[in-house]
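To start, the structure under review is shown below, and the notes come after it.
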Amino acid sequence: MDQRYDLVVIGGGSGGVRAARMSATYGARVAIIEEYRMGGTCVIRGCVPKKLFAYASRFHESFEIAESYGWSVNASFDWSVLKANKDKEIARLERAYTAGLDGAGVEIIKDRAVITGPNTVQLQQAGTTLEAKTILVAAGGRPFVPDIPGAEYGMTSNEAFELEALPHSILIEGGGYIAVEFANIFAGLGVHVTLLYRGDCILRGFEDELRRGLEDGLVRRGIKLIYETNLLEIRKSGDDLTAVFSDGIEAPFGAIMFGTGRRANTEGLGLDTVGVELNEDGTIPVDTYSRTTCPSVYAVGDITGRAALTPVAIREGAAFAETLFNDNPTEVDLSQLATAVFADPEIGTIGLTEKEAATHGDIDIYLAQFRPMINTLTDRTERMIFKLITDGNSGKVLGCHILGPGAAELIQLVAVPMGMGATKADFNRAIAVHPTAAEELVTFKKPTYSYRGGKRVG
Ligand SMILES: Cc1cc2nc3c(=O)[nH]c(=O)nc-3n(C[C@H](O)[C@H](O)[C@H](O)COP(=O)(O)OP(=O)(O)OC[C@H]3O[C@@H](n4cnc5c(N)ncnc54)[C@H](O)[C@@H]3O)c2cc1C
Ligand SMILES: NC(=O)c1ccc[n+]([C@@H]2O[C@H](COP(=O)([O-])OP(=O)(O)OC[C@H]3O[C@@H](n4cnc5c(N)ncnc54)[C@H](O)[C@@H]3O)[C@@H](O)[C@H]2O)c1
């Protein structure tokens, strides 16, 4: 076999697959190397199975509301059915990803790759070496587990997707996306959940009202929150695990999960042999064309530490292929990123938070908090939140933050006018769709309050 390629891609996840497929479509001879399953984190043990589990966990709430609308529901839940159906769907997606690469003429290699030179990649099992004009590193990341005694008894999101049975209770450490989303999933499926976070409120960096609103939602769903505390040790005690906390308290749980962040898969990849510099956290610094410090080596996706989101990895992979194999230099603009937290209630967010915007000049804040209509026949007091942040002079929308049902879908659409530089007047030109929650975005008459000269007024 002739093993010389225009491009060798390391990692068959969101970024690598998109780059490989597009580059091959533009006529490049491409090989992609994947050591685990084609599709990577998002498809196999990230966004997709997580969202399927989130759907499963939400039926519980719907059944509760249903009674206020006259329905009687006698429901039970079987984890093994959900797990089997999830596995089937993930296997289908994996086949679809493989077929897409095949169809584009990409050579798929199942092995572990190590870079051995600026133009060579070694396959660890096969023991052979591939030659490539360009190497694209799209090897993603893996869960980070704090180094504490008994950490091996805990699990991460990887194992949470493969559980044979649900635990009776779970302690989840962390206050970010994964910890919060999994706390919701497990609670919605009937597990007693405790969320342990070292800070003073979940989702640091998100808009304050949304953090507090989601926190209320978690508590309402029976999730116990422990703040400003760390997990110091895990001990096995019979079928359970004992958690030892930094305040000296010990408590038993059916399972313990770490949602304590992720690290780039740069270790043992041979990057040092070709002079690719790394950031302190192990990610690969790249320029706006995804170039590393070695001219023949590029990097996209989570491994670059830009933004660990699937659509970002895909956009970076596509821009790489455009630049190198379609003679169309394309930079990736990550200045306005919409993102969602698939919890209950849901968060959708884009642009500057109030705190960030207030340091940029005069701004106006439009804030609405109300019970979503579906709750009105129920005794649920939970509120929906819409916050728009606009430039005090031009009216340009700088940030939009939504908490409540459908927030992820809503923020996707808000991202379009915001990308076009829309102002509040542009939003107001749209006639409301009634009765909807999102009509708030086009019917705000005047700011709820403002900042002038960095000080809050009104
Ligand atoms: C639980 C969870 C939920 C998530 N939910 C969302 C969400 O809802 N929305 C969202 O946008 N993002 C979400 N993400 C993030 C998203 O999954 C990642 O941003 C995305 O998968 C990154 O793609 P990537 O191509 O950079 O890397 P990956 O998808 O991680 O792919 C890297 C691949 O490289 C392989 N690999 C690594 N080293 C080697 C080697 N040496 N040789 C061969 N192969 C190698 C790995 O096996 C892996 O398949 C979630 C992540 C997790 C963990
Ligand atoms: N809905 C989505 O789009 C989605 C969902 C899941 C993951 N993701 C992506 O994956 C990335 C990783 O998610 P994540 O939740 O693992 O990371 P994260 O950075 O969002 O959260 C990590 C949490 O762990 C805590 N932590 C870190 N080190 C710790 C330690 N030593 N001890 C105790 N606590 C510690 C942090 O304070 C933080 O609260 C996210 O940043 C996001 O980009 C996105």
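Each residue, glycine too, has its Cβ placed from N, Cα and C.
Please treat TrEMBL annotations as automatic predictions, because they have not gone through curation.
Record note: TrEMBL gives Gly174, Gly175, Gly176, Tyr177, Ile178, Ala179, Val180, Glu181 as NAD(+)-binding, and the candidate from Gly261, Gly268, Gly270 in that site is Gly261. Residues from the recorded positions list (Cys42, Lys51, Gly174) with a C-beta closer than 6 Å to any atom of ligand 2: Gly174. Note: the Cα of Gly176 (NAD(+) binding site) and the Cα of Cys42 (disulfide bond) are spaced 17 Å from each other. When the alpha carbons of Ile178 (NAD(+) binding site) and Lys51 (FAD binding site) are compared, the span between them is 12 angstrom. Comparing C-alpha positions, Lys51 (FAD binding site) sits nearest to Cys42 among the recorded positions Cys42, Val180, Gly261, His434.
Here the CA atom of Asp302 (FAD binding site) lies 20 Å from the CA atom of Val180 (NAD(+) binding site).
Across the domain 'Pyridine nucleotide-disulphide oxidoreductase dimerisation' (338-443), the DSSP tally of helix, strand and coil residues reads 31 helix, 33 strand, 42 coil.
Cβ contacts within 10 Å of Val180 (NAD(+) binding site), excluding its own Cβ and spanning all protein chains shown: 26.
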